[in-house]
Amino acid sequence: MKVPYSWLSEFVELSDVSPEEIAEKLSLRSVEATVETFGIDLDGVVFGKVVEVKEHPTKKKLAVVKVQVQEHIFIDVVTVDKSVREGDGVIVALPNAKVGNMCVTEREFDGVVSKGLLLSAQELGLEEKSEGVLKIHEDFKPGTDANEILGFGEKIIEIDITPNRGDMLSVRGVARDLSAIFRLPKKKPEEPTYEETGEFFIEIEDEDCKRYRGVVIEGVEIKESPLYIKKRLWQCGIKSINNVVDITNYVMLRDGQPLHAFDLSKVEGGIIVRSAKKGEKIITLDGEERELDEDILVIADREKPLAVAGVIGGLESGIKENTKDILLESAYFNPFRVRKASKKLGIQTESSYRFERNVDIERVDRAQDYAVYLILKHAGGKVKVVKDVYREKYKPKKVFLPQGKYIRYAGESYKNEEVKEILDALEIPNEIMRCGVEVLVPSHRSFDIQRDVDLIEEIMRVKGYEHYTSETLKLPSIANLWKDNLLEVKKYLRDKGLTEVINFSFEDSKLYELLNLPLPELEVINPLNPTQRYMRNTLITSLLRTAVYNDRNYNYDQAVFELGKVFFKEGEENRLGILLKGNKPRTLKEEKWEPYDLTEIIAGIFALFGLEPEFRNAKRNFLHPYVQGEVYLEGEFVGFFGKLHPKIAKELELKGEPFVAEIEIERVLSKKRLPHYREVAKFPPVVRDIALVMDKELDVNKLLIDTKSQIGELLEEVRVFDVYTGEKVGEGKKSVAVRLVLRSKTGSLKDEEANELVNKLVNYLKEKYGVELRT
């Protein structure tokens, strides 16, 4: 948003503050801001008065205009704009003038020498596209520098508004923040008011419109706007249309309240604010026909939609040259509803941009009254009706900030007078109490001030974070800190062929419902996207969303991990999420990921920190009933893993078999053991792979525990590397392939000794669990 320095000066005393200081302080304490200079380079460009217009003697499409450019100096200028009339004020580039990157010279048009150029708004850089010469209706002395007339050279503050600061989307809002930051007195421009009068039908059918105020003005004259309004619009990057439309835009920029004017003759029987009907169509002001549905809020009459509420007006009911009577609208629409309509229709306007960030419901009438005043002043007419339908009056929320909590966050107590001065400048009603401060959240800050910590932020940012003392963070002197540990985990996973992904922490409810998981406890009040308003409580949904996206882009082989935060009412924690799908990377032949690749990776991560996980059976609805497990560490649950349930994979249209895991990495790292020396083995290992057929329901973890106890110290490693179920092993059975790594510390194990140990183990398992050695 662009805000002229001179316009700010109408609301706050800025005589001792430069534009550069404003931008610097805003960037540090409010929103990012920069300074730019308005206008292109002009030299030798002046105001001229047309004294005579003649047709070109040979070229009928041209006119020869005599222009007074000094008290006694007149020049002839040839132009294609035949709308120029005697008495018009124009902007003239004299011979050798500079207009931006263009240099103007005398030029002959079939025997007539043009000693200058009449400039359009487009040539002056005021509008992207314009037709005809720019006409100035105000009376200036011929020869007046065009820079002075057009305001070129004025400093403009350009600010980048964050989604929660809709109150800053106006000159008034920026001035309010500046008043607080610089401790400057505000100015109070006069604000005319118009009481309710007359009768006009207005009905609000949809609860997403809390307030609708309409003013009928009869007998207006549609014409060009006065220069001061045009200049403000140009400085803010908005094209001038006509006096009525320009005034609605002018007031929107000034007060932050979008307005819309309807041609009253096109309104049949009053105004109804309702949801659009499916298949209903409207031709909008940009000339496009758009199909609507029930998600879109419209302003309609008894016959048809007239406008998309908060987004864009309809072409048929728009203001035209022959419009005589108008209905001026000022309203409050639900930000989420406006955002949904804007996204569905693919339109973002200055109006929707503000409604999406919440407008001040209590300023609906005051902003409109100022627009009415300007319309009567510059377009004439008479107010016939003022009708205000305010369904749900704004009730300010009470927020109490205890002094003690402020101290915990800021590191110091506040001075009552200073806090009161800041809150008063921000126009936040407050009462200083013995142990804190209580405020009533004003309507212009209802979107972002919800809790005591929001007040702490307001006080600290306005005061300036540089005024708070800081101390060097003292960390315990230990060998491996949290960050180093995470880097070690990331390196291990990358070495295994996995790629790190970083997902948004915001989720919608669809995946949670599909996975039959409880919805997250935390819901964002002001989400960037209305469909993603939950703060995730698991990484699995984020990873599945990534998998779906990659599949749709024909990337079916995936091995990814995410180290990210999940959120709960009690706080947030870091977790590790893993997703494997399709073929493994970096292999000479196609080799698919298997479930026990997950357990191997998990065990490898634990081994980095001197830990050993315990795997147990699990029953999670979104995982395959026979291919899943839980991870325990020293008897505590720290994660789960498994194959995504085939029905869910099919619903998500995922190709291949997705395997997922989630580890509570903070809890794992909290149990990290210091590394200790282990002597390099002197003797070679003996590896034996055996396949055991057993009941499908048998817990494999029990077999692994018994294997360790039976073989004892000679067993260096035991792990499952494959599971098979099918007709070759019989119904209700499964074949589990186990790898045994045997090693002696005193000498090389002979094959006979290794075979004897394996046979003894198989016989023991057969007797205890009824397993058979698969041949």
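In case you wondered, yes, glycine gets a Cβ from its N, Cα and C as well.
Per Swiss-Prot, the features are:
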- 39-147: domain 'tRNA-binding' (DOMAIN)
- 394-470: domain 'B5' (DOMAIN)
- Asp448, Asp454, Glu457, Glu458: Mg(2+) binding site (BINDING)
- 681-774: domain 'FDX-ACB' (DOMAIN)
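Overlay of Swiss-Prot annotations on the structure.
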| residue | record | contacts (Cβ under 8 Å, 6+ apart) |
| --- | --- | --- |
| Asp448 | Mg(2+) binding site | Asn164, Arg165, Asp167, Asp454, Asn526 |
| Glu457 | Mg(2+) binding site | none |
| Glu458 | Mg(2+) binding site | Ile422, Leu423, Leu426, Ile428, Ile449 |
8 Å Cβ shell about Asp448, Asp454, Glu457, Glu458 centroid, Mg(2+) site members excluded: Arg445, Ile449, Val453, Leu455, Ile456, Arg461
For the domain 'FDX-ACB' (681-774), residues assigned helix / strand / coil by DSSP: 34 helix, 32 strand, 28 coil
Cβ-Cβ neighbours of Asp454 (Mg(2+) binding site) (radius 10 Å): 17
Counts by DSSP class (helix H/G/I, strand E/B, coil) across the domain 'tRNA-binding' (39-147): 2 helix, 53 strand, 54 coil
PLDDT averaged over the residues of the domain 'FDX-ACB' (681-774): 87
Residues of the domain 'B5' (394-470) by DSSP state, where helix covers H, G and I: 36 helix, 14 strand, 27 coil
